[in-house]
């Protein structure tokens with residue numbers, strides 16, 4: 001194997017691992033952590049069904065989007081514009097706006113994390129974390145730094161969450177039963193959890209990362225499919241482990257405050273499970289989830305700007321990303337809404353955006369093989385995609401009122 005080939009293989013492997021962890025850390029961001037704690041406190045073991053639904057929807061959505069982006073060699077908005085002229089601009093505006101909503105929530109999550117870790121005021125913690133993210137994107141080696149940071153923080157999150165799941169001693173039998181036979185089904189919670197894990201910008205995070213690293217075309221389809229499945233497996237396991245960690249606390253009779261202005265539901269659960277160590281460990285998990293999600297949300301949202309400015313350079317994109325984070329920080333500082341409520345709303349709003357982008361991709365898969373180099377897309381995957389698309393539209397329509405109620409808007 002020549003040095004050039006070896007370097008290419010290493011670079012491709014590194015970009016695949018980074019894409020997997022960007023997808024995983026985006027999908028297990030502060031929104032998902034706070035949503036899981038809040039809904040588990042409300043619904044108990046019945047929320048296991050919502051976790052399963054989010055994993056199944058994630059599987060269909062991510063597999064279709066990663067594969068179609070790889071085959072067309074286009075970012076989502078450019079692909080949408082070519083398929084249905086003008087639709088890419090609409091998708092880009094929705095994803096960028098949804099990304100700001102998400103990033104305000106992510107900065108709030110970083111503040112909650114540092115509050116649990118070291119007692120820092122959430123506003124200060126969020127502000128300092130946003131400035132750190134801006135510093136990373138201002139670096140000349142931003143791409144490499146982002147890849148490495150996301151992988152290491154992702155591994156740290158997984159390790160600490162597994163420890164707390166063991167410490168909380170959850171009722172496994174009840175959780176497994178309610179995963180398939182729940183006492184109650186709440187569409188607003190499922191839409192919110194789906195939005196927080198695969199809605200808005202998250203849908204495109206890993207796929208756009210691979211595109212930027214040149215892992216495209218039919219020749220890379222097998223490796224991209226494996227990477228997507230690995231990412232889905234990592235996120236699915238992590239979600240369920242986090243749910244079990246919090247369920248163990250709720251089942252033991254601990255009452256979690258989910259409505260106060262300063263409420264930090266997941267922090268309370270981790271503290272109840274493992275004392276002060278649990279609280280500090282949670283702070284580190286939430287901060288790691290938040291800072292990687294701030295980076296992921298900004299990076300992916302700004303990748304949609306190319307549809308308005310096709311000749312934008314990497315340096316220009318990094319500058320736009322820092323402005324994006326700064327705007328998110330300003331909105332966070334000016335808003336009086338509780339951080340946990342912002343995180344719930346962010347997931348819900350992006351759950352409403354999800355079916356729009358998914359509809360466009362499923363259309364390309366069915367009708368536009370010319371955009372995929374004549375590749376005959378697997379019909380079973382498209383059928384699953386179409387059914388999932390209809391389900392996400394139905395859930396979005398049913399959930400609009402309850403989702404905006406998180407901000408007391410409706």
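Quick reminder: no glycine exception, Cβ is built from N, Cα and C everywhere.
Automated prediction, rather than curation, is the source of TrEMBL annotations.
Since we're looking at a predicted model, the values are computed, not measured.
The transmembrane segment feature in TrEMBL is assigned to 14-33 (among others).
Panel annotation: around the transmembrane segment (45-69), residues 23, 27, 36, 39, 75-76, 79, 171, 174-180, 182-186, 189-190, 193-194, 197-198, 203-204, 206-208, 210-211, 216, 221, 224-225, 227-229, 231-232, 235-236, 239-240, 243, 247, 251, 354, 357-358, 361-362, 364-365, 372, 377, 381-382, 384-385, 387-388, 391-392 of the same chain, lying at least six beyond its termini, place a Cβ under 8 Å from a Cβ of the stretch. Per TrEMBL, transmembrane segment is recorded for 45-69 (among others).
Beyond the ends of the transmembrane segment (89-112), by six or more residues, the same chain brings 29-31, 33-34, 76-77, 80-81, 120-127, 129-130, 199-202, 204, 264, 267, 286-287, 289-291, 293-294, 297-298, 300-302, 304-305, 307-308, 324-325, 327-329, 331-332, 335, 339-340, 342-343, 345-347, 349-350, 353, 356-357, 360 to within a C-beta distance below 8 angstroms of the stretch. According to TrEMBL, the feature transmembrane segment maps to 89-112 (among others).
Residues or ranges marked as transmembrane segment in TrEMBL: 124-142 (among others).
Under the heading transmembrane segment, TrEMBL lists 149-167 (among others).
According to TrEMBL, the feature transmembrane segment maps to 187-207 (among others). A Cβ distance under 8 Å defines the sequence-distant neighbours of the transmembrane segment (187-207), meaning residues of its chain 6+ beyond its ends; these are 19-20, 22-23, 26-29, 31-32, 35-36, 39, 42-43, 47, 50-51, 53-54, 57-58, 61-62, 65-66, 69-70, 75-76, 94-95, 98-99, 101-102, 227-228, 231, 235, 239, 296-297, 299-301, 303-304, 343-344, 346-354, 357-358, 392, 395-396, 398-399, 402-403, 406.
What TrEMBL records for 228-256 (among others) is transmembrane segment.
Among residues of the same chain six or more beyond the transmembrane segment (284-308), those with a C-beta under 8 A of the stretch's C-beta atoms are 21-22, 25-26, 28-33, 75-78, 81, 88-89, 91-92, 95-96, 98-100, 102-103, 106-107, 109-110, 112-114, 116-117, 125, 129-130, 132-133, 136-137, 146, 149-150, 153-154, 156-157, 160-161, 201-202, 204-205, 208-209, 212, 266-267, 270, 317, 320-321, 324-325, 328. Residues or ranges marked as transmembrane segment by TrEMBL: 284-308 (among others).
The transmembrane segment annotation in TrEMBL covers 320-338 (among others).
Annotated transmembrane segment per TrEMBL: 344-366 (among others), in sequence order. With a threshold of 8 Å between CB atoms, the same-chain residues lying at least 6 positions outside the transmembrane segment (344-366) that come near it are 31-32, 34-35, 38, 61, 64-65, 68, 72, 76, 79-80, 83-84, 87, 90-91, 94-95, 98, 101-102, 104-106, 188, 191-204, 337, 372, 377, 381-382, 385-386, 388-389, 392-393, 395-396, 399-400, 402-404, 406-407.
The transmembrane segment annotation in TrEMBL covers 378-397 (among others). Residues 57, 60-61, 63-64, 67, 187, 190-191, 194, 351-352, 354-355, 358-359, 361-362, 365-366 of the same chain, all 6+ positions outside the transmembrane segment (378-397), place their C-beta atoms under 8 angstroms from a C-beta of that stretch.
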Remote residues contacting the transmembrane segment (124-142) - C-beta distance under 8 A, at least 6 residues beyond either end: 107-108, 110-115, 149, 287, 290-291, 294-295, 298, 318, 321-322, 325-326, 328-329, 332-333, 339
